[in-house]
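Asks: The domain 'SAM-dependent MTase RsmB/NOP-type' annotation in TrEMBL covers 181-464. What TrEMBL records for Cys271, Ala272, Ala273, Pro274, Gly275, Gly276, Lys277, Glu301, Asp327, Asp346 is S-adenosyl-L-methionine binding site. According to TrEMBL, the feature active site, nucleophile maps to Cys399.
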Amino acid sequence: MTFSNKKVTDSNTNEALSIQRSARQVAIQVMTSVLRQQGSLSTQLARHQQDVSSEHIPLLKELCFGVCRQYPLLNSIALHLLSHPFEEKDTDLYATLLLGLYQLGYMNTPDHAAVHETVEACRLLKKDWATKLMNAVLRRYQREADEIIEQLEAMPSVEYNHPKWLVKRFAKHWPEQFEQIIEAGNSHPPMCIRVNTSTVSRETYIENLTEKGIDATIGQASPSALYLRSAIKVTELPDFEKGFSSVQDESAQLAAHILAPQVGEKVLDACAAPGGKTGHLLEFAASHQNTEAILDLTAVELEPWRLEKIEANLERIGLMANLQCADASNLSAWWDGKAFDKILLDVPCSATGVIRRNPDIKISRKPADIDELSAIQKHIIEQVWQTLKPSGYLLYATCSLMPEENEQQIAAFLAAHDDAIEVPLNALNPDLKIEWGTAANHGRQLFPTLKGHDGFYYCLLKKK
Ligand SMILES: C[S@@+](CC[C@H](N)C(=O)[O-])C[C@H]1O[C@@H](n2cnc3c(N)ncnc32)[C@H](O)[C@@H]1O
């Protein structure tokens, strides 16, 4: 338990405190929405971060990501300290309390300042009635922190800092990898980039990074991956604006290397936003051919605002696709009837392999979501399969660790479709070394590793 390890540096000057106050007020708004299930942390941050000046955004993010990452522990402490939980209408006060506890436990804010600022935040919310309560609760926590944590540590959610239901499922499905999954889920993810090998080799790009004083190491699974020793702004990456590199986890990069799209083929990216893999499919094809022609790629995405992200990503790397805003499972809405040679199906999923990048999963994901998502995935694959040519390939992908969304989904699909067979993940790219992840009954499961790739699942199917 590292609760008392204060690690985020700030100072106690008046200026620093007023900066924190504005970042804290916005953090309260963001966390209130997340706790009310009004959208994901990344959506809420995107909506609210213009409310603080750019130099305060790192503090805003640290507060919100930090509270989500430590939520199972902070929530247990808060419930232990309060004689009655806050009512729904006072979720903003609950968010304020969690942020106060996070500052006391994990940030270098002096304790008296953390308590004072949290109490002041109640006034700014025009809930002066809560100031005494907030003060008493935080001061009690200051006095009794060690005993309280000792009492709570027996709870699995506190011991592992993940919701109890997820702890149970990880332990049941992946006993051998359990500790690794939990440790990665509580960690800060490394910054991994994808080198656009149609414009520059990975070897040259690492030299370009070194020249700028940026330390990087080569990813072992994806031939295009580099890990940066520490996170930097994307604008500091050499020729980022020209599309020479993109931020993308190493597991996610494997999709294009497995599907190995070639210019001349007709390819579908069925659930495409924000377009990380769309861009990589285009780059892959461009790096393996000698003509100016580009891949015939159709990218379908349900959400209009997310489709805009694909547009922006492709514009930066200077490549194009046929973008369709539609439900991929509603073929009449977007398909012209011409069958595809290859399909990437990166379905919506529980994202349980990428908790460290989306720590609000610890708050928002519920057990019932797994069945709901697996029903959606089943429907999408059933429909999209119809658009694949005979002898064509479909790569099914998720960033989930749940067998229901992965190998069990594929087992059920294979049982129901005589025209589908599973093929090895390097069937289309024999140069790709499959030394990553673990063979599942169908496909391959990657587990998140502390300094390496995220959790992911891939299975390659061929139409007979
Ligand atoms: C896992 S994300 C895809 C990530 C993307 N492939 C990438 O690498 O950047 C799943 C995406 O599918 C979209 N989606 C969900 N249901 C869909 C549907 N029925 N048809 C098309 N897109 C859908 C979601 O909005 C989300 O953007």
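Quick reminder: no glycine exception, Cβ is built from N, Cα and C everywhere.
Whatever TrEMBL says is automated annotation, not expert-curated.
Situate these features within the shown structure.
Replies: A simple way to gauge crowding: the CB of Cys271 (S-adenosyl-L-methionine binding site) has 23 other CB atoms within 10 angstroms, across all the protein chains here.
Annotation note: Cys399 (active site, nucleophile) sits in a coil segment as assigned by DSSP. Around Cys399 (active site, nucleophile), the same-chain residues at least 6 positions away in sequence with a Cβ under 8 Å from its Cβ are Ser251, Ala252, Cys349, Ala351, Thr352, Gly353, Val354, Asp454, Gly455, Phe456, Tyr457.
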Asks: If you skip the near sequence neighbours and keep only those at least six away, which residues in the chain come within under 8 angstroms of Gly275 (S-adenosyl-L-methionine binding site), Cβ to Cβ?
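Replies: Long-range Cβ contacts: Ala299, Lys309, Ile310, Glu311, Asn313, Leu314.
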Asks: Among Cys271, Ala272, Ala273, Pro274, Gly275, Gly276, Lys277, Glu301, Asp327, Asp346, recorded S-adenosyl-L-methionine binders, what is the largest CA to CA distance in Å?
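Replies: If we measure all Cα pairs in Cys271, Ala272, Ala273, Pro274, Gly275, Gly276, Lys277, Glu301, Asp327, Asp346, the largest is 19 Å.
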Asks: How many other Cβ atoms sit within 10 Å of the Cβ of Lys277 (S-adenosyl-L-methionine binding site)?
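Replies: The answer is 25.
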Asks: So which one is it: of the binding-site residues Ala273, Asp327, which has the fewest other Cβ atoms within 10 Å?
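Replies: Taking Ala273, Asp327 as the binding-site residues, the minimal 10 Å Cβ count falls on Asp327.
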